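Okay, structure first, notes after.
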Amino acid sequence: MDNQVPPRKVPNFCSIRYGIALLLLLCNVIVMSQRVCMSLTMIAMVNSTEPHGLSNTSTKEPQDNIKNPVYNWSTEIQGIMLSSIFYGLLISQIPAGYLSGIYSLKKMVGSALFLSSLFTLLIPLAAEFGEALVIICRVIQGLFQGMALTTQQVVWIKWAPPLEQVRLTSLSLSGLLLGPCVVLLITGFICDSLGWPMVFYIFGACGCALSLLWFVLFYEDPKDHPCISKSEKECITSTLAQQVSSSAPSLPIKAVLKSPPLWVISLCNFAFFWANSFLSLYTPMFINSKFHINVKENGLLSSLPHLFAWIFAILAGHMADVFLSRNILSLLTIRKLFTLLGLLLPALFSLCLLYLSSSFHGTMIFLILANATGSFCMGGILINVLDIAPRYYGFLKGFTNVIGLTGGLVASTVTGVILSQDQDSPWLKIFFMMVANNVISLIFYLIFAKAEIQDWAKETQNTYL
């Protein structure tokens, strides 16, 4: 990837490849909306979201039992519900990565989005029958969301010129950060005016509609797209001619498991998903515990960190590609720099949030910065697998995602347990665990990270174990 010929200039935002990036961005917005909306609707769904049964001030107003049914779910059950989606995400990652190299990406992404949306529509009904059915729906949602998130990244193997890979990937993946912003921004208003069940109905219906749009607009290969211009087709196919292998190579399992660069990417994924999942799922509860405001105001405030995270993600992808195309920094230096910023800055701002935020404005500023600066990882660890093993990108991306999502699962579960058991300073312990994860992972990454194709992933490799 280091000695690629720059592609011909083709208008970016008027091109088919950027249209696909925007379509995937919308897909990720919907996926994250379906995943995160429960973190805010939970405040309206239950009698208390505070540890030890403290009164939840956001539900003091009389509730319409039809429009806003209220349930007596403990804090532990709430934590399990929020984290249960990660079980499905974990199970689906490696199978989805493997199948993405065999089956149609159009069918896999479109079907996964549709089925995730279908189970989103079923959650209000499931809640009437008890928490167990809600947890089952969330696990199944996670299965299909994991399939959609893993397989979509393989799209860029055929659609992204090398010097635009980070830009296009970060643009599409930035929907994972914009999604929580959108859902938290409008969920409070929906809960207040239409009732919390409508949140699931609206995001479920939007996902079904978008899946149909995906089936109509997406094509597997630039050569097959009926609307692509000749110049853009040549721009993509000429620069990718050396990269896309016609055969499906066997995976050298032992070499993969002995690869330090892959393991440090996985370790940093664990830390990144831990921080990202905690901040996505528990920001509304943190704000509620600090300021005791109603669900509408909570949603507005909770959306701000995600809005800035989305902006930072797009900037990070653009900056990384500019540094590479202009030979300002080497590829390895770019990956280490953006990973450093994406793991160290959230840790520093989290400490500031704990010790320097005595006012409302200070709390919100540091909460926004802790969330937003994590997006620098878009130009670092989140694309690094493509540098070291492009031939096995789908499978290895699934592998690193499994380890990363394990971090998200552990973070959401442990946070729920700490909130239910610690009366004195639960948020202090939770943030310190996040900081420790980020710093330890970063140290290992700076020592062992690589950005060149590994020997076991090269085209000349003929012997597989």
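Numbers here mean position along the shown chain, with the first residue as 1.
Each residue, glycine too, has its Cβ placed from N, Cα and C.
The domain 'Major facilitator superfamily (MFS) profile' annotation in TrEMBL covers 20-453.
Distant neighbours of the transmembrane segment (20-46): 56, 58-59, 63, 68-73, 78, 81-82, 85, 109, 113, 116-117, 120, 123, 127, 138, 141-142, 145, 148-149, 152, 155, 159, 168, 171-180, 182-184, 187-188, 191, 196, 199-200, 203-204, 206-207, 210, 213-214, 217-218, 280-285, 288, 295, 298-299, 302; these residues of the same chain sit at least 6 beyond its ends, with a Cβ under 8 Å from one of its Cβ atoms. What TrEMBL lists as transmembrane segment is 20-46 (among others).
Feature annotation from TrEMBL assigns transmembrane segment to 77-96 (among others).
Residues or ranges marked as transmembrane segment by TrEMBL: 168-190 (among others).
The feature transmembrane segment is assigned by TrEMBL to 196-219 (among others). Within its own chain, the transmembrane segment (196-219) is flanked in space by residues 19-20, 23, 26-27, 30-31, 33-34, 37, 41, 44-45, 67-69, 105-106, 109-111, 113-114, 116-121, 123-124, 183, 187, 190, 225-226, which lie at least six positions past its ends and keep a Cβ under 8 Å from the stretch.
Annotation comment: TrEMBL describes 262-287 (among others) as transmembrane segment. Away from its own ends, the transmembrane segment (262-287) comes close to residues 32, 35-36, 39-40, 42-43, 49, 82-83, 86, 180, 184, 256, 293, 298-299, 301-302, 305-306, 339, 342-343, 346, 367, 370-371, 374, 377, 380-382, 384-385, 388-389, 396, 399-401, 403-412, 415, 419, 427, 430, 434, 437-438, 440-442, 444-445, 447-449, 454 of its chain (Cβ-Cβ under 8 Å, at least six residues beyond either end).
The transmembrane segment annotation in TrEMBL covers 307-325 (among others).
Tertiary neighbourhood of the transmembrane segment (337-358): same-chain residues 268, 271-272, 275, 316, 319-320, 329, 365-367, 369-371, 373-381, 384, 427-428, 431-432, 434-435, 438-439, 441-442, 445-446, 449, selected by CB-CB distance under 8 Å and a gap of 6+ residues from either end. Among the features that TrEMBL reports, transmembrane segment is placed at 337-358 (among others).
Taken from TrEMBL, the feature transmembrane segment applies to 364-386 (among others). Long-range neighbours of the transmembrane segment (364-386) within the same chain, counting only residues 6 or more positions beyond its ends whose Cβ lies under 8 Å from a Cβ of the stretch, are 156, 165-166, 169-170, 173-174, 177, 261-262, 265, 268-269, 272, 275-276, 279, 283, 286-287, 301, 304-306, 308-313, 315-317, 319-320, 334-343, 345-346, 349-350, 352-353, 356-357, 393, 396-397, 400, 445, 449, 451.
Panel annotation: around the transmembrane segment (398-418), residues 75-76, 78-80, 82-83, 86-87, 89-90, 93-98, 146, 149-150, 256, 262, 265-267, 269-278, 281-282, 385, 426, 429-430, 433-434, 437 of the same chain, lying at least six beyond its termini, place a Cβ under 8 Å from a Cβ of the stretch. Annotation source TrEMBL lists transmembrane segment at 398-418 (among others).
For 430-448 (among others), the entry in TrEMBL reads transmembrane segment.
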Fill in: Close approaches to the transmembrane segment (430-448) from elsewhere in its chain (Cβ under 8 angstroms; 6 or more beyond its ends)
260-261, 263-265, 267-268, 270-271, 274-275, 278, 282, 336, 339-340, 343-344, 346-347, 350-351, 353-354, 381, 407, 411, 414-415, 418-419
Fill in: the domain 'Major facilitator superfamily (MFS) profile' (20-453) [mean pLDDT, rounded to integer]
84
